[in-house]
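Asker: Quick one: the structure is below, and I'll ask about it shortly.
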Ligand SMILES: O=c1ccn([C@H]2C[C@H](O)[C@@H](CO)O2)c(=O)[nH]1
Ligand SMILES: [Zn+2]
């Protein structure tokens, strides 16, 4: 990912992380998503007393972009206070995968970086094509 674009997304993700509502895990996560038409949507994790209802930062950002009608992305940056770059959960990998192939940069507060892609994060991923296979 271009350095300038990364820096912008990283700053936005850090800011979104500050808005995380994580009173149960105390694990705050932020995400920033760049659309193909250069808009940025952010997300943070939002937990719930009924733990299973919690939403991750990555899905929050992608759903927010969807709510604005944006479904084509160029890049996603995710940040958390982890020892190495944060690793998205399986549910988020599936949602990230839904919207094509784009750059994903996983980071932490120290600025450690893992550069990957939406496809690479979910090898042999399930996609909508499989739904029509038996027709
Ligand atoms: O990549 C990740 C991993 C975890 N979480 C959230 C879910 C939950 O609120 C908390 C602990 O799992 O962190 C994210 O938002 N993104
Ligand atoms: Zn997740």
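Just so it is clear, glycine is given a Cβ too, placed from its N, Cα and C backbone atoms.
Those TrEMBL annotations? Automatic predictions, nothing curated.
The following feature annotations were taken from TrEMBL:
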type     : residues                   : note
ACT_SITE : 58                         : active site, proton donor
BINDING  : 45, 46, 47, 48, 49, 50, 51 : substrate binding site
BINDING  : 56, 89, 92                 : Zn(2+) binding site
DOMAIN   : 4-129                      : domain 'CMP/dCMP-type deaminase'
Asker: In the structure shown, with every protein chain counted, which of the binding-site residues 45, 50 has the densest set of Cβ atoms within 10 angstroms of its Cβ?
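Answerer: Its Cβ has the most other Cβ atoms within 10 Å: 45.
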Asker: Using all protein chains shown, find which of the binding-site residues 46, 49, 56, 89, 92 scores highest when you count other CB atoms within 10 A of its CB.
Answerer: 92
Asker: Given 47, 48, 49, 50, 51, 89 as the binding-site residues, which ones have a Cβ positioned under 6 Å from some atom of ligand 1?
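Answerer: With ligand 1 as the reference and 6 Å as the Cβ limit, the list reads 47, 89.
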Asker: Among the binding-site residues 46, 49, 50, 51, 92, which have a Cβ atom lying under 6 Å from any atom of ligand 2?
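Answerer: What lies within reach of ligand 2, judged by Cβ under 6 Å, is 92.
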Asker: Say you check the Cα of residue 92 (Zn(2+) binding site) against those of the binding-site residues 45, 46, 47, 48, 50; which is nearest?
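Answerer: Nearest by Cα distance to residue 92 (Zn(2+) binding site): 45.
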Asker: When a 10 Å sphere is centred on the Cβ of residue 58 (active site, proton donor), how many other Cβ atoms does it contain?
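Answerer: Summing over all protein chains shown, residue 58 (active site, proton donor) has 28 other Cβ atoms within 10 Å.
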Asker: Ten-angstrom check, please: count other Cβ atoms within 10 Å of the Cβ of residue 51 (substrate binding site), all chains counted.
Answerer: 9
Asker: Measuring Cα to Cα, how many angstrom lie between residue 50 (substrate binding site) and residue 56 (Zn(2+) binding site)?
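Answerer: Taking the Cα atoms only, residue 50 (substrate binding site) lies 14 Å from residue 56 (Zn(2+) binding site).
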Asker: Around the substrate site (45, 46, 47, 48, 49, 50, 51), what further same-chain residues have their C-beta within 8 angstroms of the site's C-beta centre?
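Answerer: For the substrate site the neighbour list reads 21, 24, 52, 53, 54, 55.
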Asker: Other than its own, how many Cβ atoms are within 10 Å of the Cβ belonging to residue 48 (substrate binding site)?
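Answerer: Neighbour count, Cβ to Cβ under the 10 Å cut-off: 12.
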